[in-house]
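In what follows, a structure is listed as structure tokens, so that the remarks can point back to it.
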Amino acid sequence: MSFTIIGTGSALPKTIQTNEDLAQFLDTSHEWIVSRTGIEARHICVDESILDIALEASVNALANAQIKPAELDLIICPTLGGDTVTPSLACLIQEQLGATCPSFDLNAACSGFVYGLDVADAYFSRNGDMKILVIAVDAMSKLVDWQDRATAVLFGDGAGATVLTSGDSLKAIQLTAVGNQHALSIPWPKGNHPLTTGQPHPAPYLLMDGPEVYRFAVAAICSDLRSVTQKAGIALADLDYIIPHQANQRIIEGAAKRLKLSIDKFVLRVDGCGNTSAASIPLVLDELNRNGLFKSGTRIALTAFGGGLTTGACVIEWA
Ligand code: UT7
């Protein structure tokens with residue numbers, strides 16, 4: 001027994017920052033950003049906290065699933081971090097919802113949502129009938145260096161949630177991790193113990209070797225999709241939708257070409273949101289679900305990659 005998705009929800013902060021807005025203070029242009037990434041705009045938390053958007057997505061998903069917070073047995077929050085180191089964001093979401101279940105954050109960077117589904121799957125295997133909220137949220141605008149044009153233009157903020165109940169929609173899932181500090185990292189300030197005085201504190205902003213992550217991402221999408229569909233016993237061509245992590249349109253196009261698949265099978269939503277890290281896949285899931293694109297039997301593959309370096313992929317058959 002695994003799970004079935006019974007509800008989805010999402011939330012984006014209301015402030016939109018276009019490429020033209022960024023070109024006001026960065027040495028960049030709309031043309032460069034669109035041609036290299038496909039990104040046109042991103043949503044940024046200005047008036048909202050990270051908890052605000054996480055809560056909005058969670059409430060939407062619970063309403064869509066028609067269940068009450070008190071019915072939840074577990075809250076898993078894939079995120080790079082909320083507004084506080086502790087309490088975890090998951091505990092604050094639990095408090096605000098009025099739920100009473102165990103709740104924890106999970107950090108697998110942009111692969112976090114698929115990691116969260118895999119952890120949820122293990123709970124269903126152990127406990128059988130449960131209701132689990134997986135709420136993925138990241139506010140990358142708080143983690144990038146706004147002086148660094150090579151990274152600041154890529155990211156945005158958002159939250160995407162799903163409510164899971166026991167079922168057999170999950171046909172296959174797999175995770176990978178290849179520890180790598182150099183390709184993508186966000187250092188933490190080292191604290192202020194007197195004995196550490198004098199050591200330089202790295203700025204707590206995202207550092208990335210873009211071309212290395214790009215190559216890793218294209219290869220990971222291809223190998224993960226091949227093996228997860230094989231595990232599910234279906235051909236790539238049998239998938240109705242592939243929802244990849246929305247980092248860069250060129251990465252997705254490159255993977256589609258290598259896999260000899262039509263780009264139309266891949267859902268592309270990089271343009272309006274940029275890379276929202278763990279939230280990017282559930283944001284798209286919610287949009288497609290609300291637009292009625294998923295029918296009973298629709299086959300969906302999710303494929304994610306990100307800091308760690310981590311990857312995760314799964315095949316879901318809509319119930
Ligand atoms: O969730 C996972 C997170 N990360 C990713 O998915 C990122 C993966 N990597 C990428 O998407 C791409 O590598 C980038 C979009 C980050 C960069 O594209 P690229 O085609 O690999 O460009 P590049 O880093 O090789 O830079 C090419 C040029 C450089 O100038 P020179 O050295 O050729 O003169 C950069 O300084 O573009 C310059 N550049 C920019 N120019 C205008 C870098 N950023 C910008 C910018 N505007 N924003």
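Glycine is no exception: its Cβ is also placed from the backbone N, Cα and C atoms.
Given the structure is predicted, the values throughout are model-derived calculations rather than measurements.
When the ranges 81-85, 246-250, 271-275, 286-290 are checked against TrEMBL, the one recorded as region 'ACP-binding' is 246-250. Using a 10 Å Cβ-Cβ cutoff, His245 (active site) registers 31 neighbours. The secondary structure of His245 (active site), as reduced to three states from DSSP, is coil rather than helix or strand. Across the range of the domain 'Beta-ketoacyl-[acyl-carrier-protein] synthase III C-terminal' (230-318), the DSSP-based residue counts are 37 helix, 22 strand, 30 coil. Taken residue by residue, the domain 'Beta-ketoacyl-[acyl-carrier-protein] synthase III N-terminal' (104-169) breaks down under DSSP into 26 helix, 24 strand, 16 coil. Taking the Cα atom of each, Cys110 (active site) and His245 (active site) are about 7 angstrom apart.
Neighbour list (Asn275 (active site), Cβ cut-off 8 Å, at least 6 residues apart, same chain): Ile39, Cys110, Met140, Leu154, Phe155, Gly156, His245, Gln246, Ala247, Asn248. All protein chains considered, the CB of Cys110 (active site) has 33 other CB atoms within 10 Å.
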